[in-house]
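Student: Below you'll find the structure I mean.
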Ligand SMILES: [Zn+2]
């Protein structure tokens with residue numbers, strides 16, 4: 001288990017329990033079961049307390065936890081016959097965005113999302129989930145195909161943001177994002193999005209302009225990273241806690257603001273401590289959202305999506 | 001940010017009150033260092049008469065220079081909720097807003113107007129970088145939607161002059177949501193079969209570039225304007241190398257296929273008229289200075 005900074009006291013207790021058990025294994029005569037169980041109970045209470053009221057900055061850390069299920073895990077866990085499709089037909093295949101045809105409960109769909117990778121090698125290969133224009137243009141191509149063949153689009157959002165690189169800018173990062181958002185708004189098929197980790201700015205919006213948007217309980221979605229916001233507004237990047245607080249980037253705040261439609265509960269201690277349960281819960285949410293939209297005519301779906309976004313900014317937090 | 005450095009000649013300033021003699025104020029061109037009379041600069045739409053450097057121009061000044069006889073009608077923008085997140089950094093967001101309003105005399109970072117350019121009716125939008133870096137929040141979203149509705153209602157092309165540091169951070173996720181929201185506005189104009197032309201001015205960055213700025217039927221820019229998604233500093237920090245001269249400038253984007261034209265501010269009106277009249281099936285315009293349209 002990889003512990004987060006705020007989980008350190010928990011790491012100590014769980015470490016002690018583990019030590020005790022190791023000791024007992026080496027000396028079968030020793031009876032430590034009771035003591036170890038006591039520590040387990042203490043750890044569980046602490047975990048409950050910690051996760052009962054995570055502050056926004058802690059949520060950012062959980063949302064970015066390396067052991068959380070990523071896009072690929074959800075695709076493997078929830079979809080069958082996944083057939084990855086590659087390339088923007090123009091320049092390259094961007095591995096930061098994966099997508100393709102798949103079946104969800106036997107229904108053919110187009111699924112796509114940002115994949116961050118799970119170890120050094122795959123993280124580099126996936127560019128830490130930061131897409132270049134090619135990624136967004138591949139997404140546009142897949143969306144067009146979904147529209148033509150009347151397949152729902154499911155997106156899984158998890159990115160620190162679009163990649164701020166030289167080549168990415170030269171090849172029109174801004175235009176690619178703008179066109180992906182525009183295309184999303186034109187689709188005559190259901191589009192549903194789940195923010196599974198980090199919804200980082202414009203790079204996330206490009207894949208999250210959907211009829212229905214869900215967020216995992218401890219995921220975040222923000223116009224700028226708390227670190228970036230802190231360095232601009234506080235002139236001090238160490239003020240990320242304050243910035244995370246001010247930005248209202250938690251799933252709970254976004255629901256209050258009317259930006260998202262539902263929150264998917266995470267197991268105790270976050271998705272990283274119950275990957276299977278989390279994946280299943282996301283599956284149920286996708287199922288429910290698809291059901292809400294099934295049977296709707298293309299024009300109705302387009303209208304529904306447009307009105308959803310035209311209304312954004314009408315509602316604020318209660319005074 | 002201070003794009004213009006003001007120099008006051010102390011002796012003259014002490015002799016005359018400021019209001020009576022605005023031309024005793026000088027501005028030093030940040031590019032070539034030439035000292036320019038304010039009046040001379042204003043007559044030249046804030047373009048340096050010596051080196052053609054394009055300085056910032058307020059939406060009101062731009063519209064005055066753009067519309068026939070300087071006459072235009074403001075399109076009312078619905079008021080958004082003020083401070084929807086109760087945002088506070090080192091200052092309260094409402095205080096920052098009030099300070100920007102006081103300094104600019106404007107309500108917000110965007111102005112919408114209807115009028116005629118060479119007798120061609122248009123709806124125009126201009127963004128004000130001096131107002132909280134022109135940032136896109138709910139007001140800018142409302143302005144774009146109001147402009148699109150006005151364009152559709154009166155069957156007029158929509159011209160947008162962009163200038164922004166990006167999204168209004170103080171409105172958090174709601175500012176981010178203005179990206180798809182303004183995109184819906186552009187689609188309304190497009191579906192009505194009306195031209196949507198963007199003119200990207202210095203600087204146009206972030207979420208603004210990645211939404212309505214880059215969705216034009218035709219995309220123009222003023223010379224040397226910085227146009228990007230990620231700013232040069234962020235990129236240099238990420239890739240740890242120095243960026244080449246002119247990177248992300250208008251001419252660079254033109255070379256990389258992201259723009260149709262880079263046009264001098266003085267030529268903009270004529271080009272817009274030419275383009276818009278062709279796109280809307282109207283005969284060529286009468287060129288030259290036109291007075292205000294006759295009142296109906
Ligand atoms: Zn100059």
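Note: Cβ is positioned from N, Cα and C throughout, glycine not excepted.
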Student: Any idea which of B:29-51, B:52-74 is down as zinc finger in TrEMBL?
Tutor: B:29-51
Student: For residue B:29 (Zn(2+) binding site), what is the tally of other C-beta atoms lying within 10 angstroms of its C-beta?
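Tutor: Cβ-Cβ neighbours of residue B:29 (Zn(2+) binding site) within 10 Å number 20.
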Student: What does the DSSP secondary structure composition of the zinc finger (B:29-51) look like, as residue counts for helix, strand and coil?
Tutor: 6 helix, 4 strand, 13 coil
Student: Tell me, if you would, which residue among B:48, B:51 (binding-site residues) has the fewest other CB atoms within 10 Å in the structure shown?
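Tutor: Per-residue Cβ counts within 10 Å for the binding-site residues B:48, B:51 bottom out at B:51.
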Student: Relative to the Cβ position of residue B:32 (Zn(2+) binding site), how many further Cβ atoms are located within 10 Å?
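Tutor: There are 12 of them.
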Student: If I take every residue in the zinc finger (B:29-51) and average their pLDDT values, what number comes out?
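Tutor: Across the residues of the zinc finger (B:29-51) the model's pLDDT averages 94 on the 0 to 100 scale.
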Student: Can you give me the residues near the recorded Zn(2+) site, meaning same chain, not B:29, B:32, B:48, B:51 themselves, Cβ no more than 8 Å from the center of the site's Cβ atoms?
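Tutor: Residues close to the Zn(2+) site, other than B:29, B:32, B:48, B:51: B:30, B:31, B:33, B:34, B:36, B:49, B:50, B:52, B:53.
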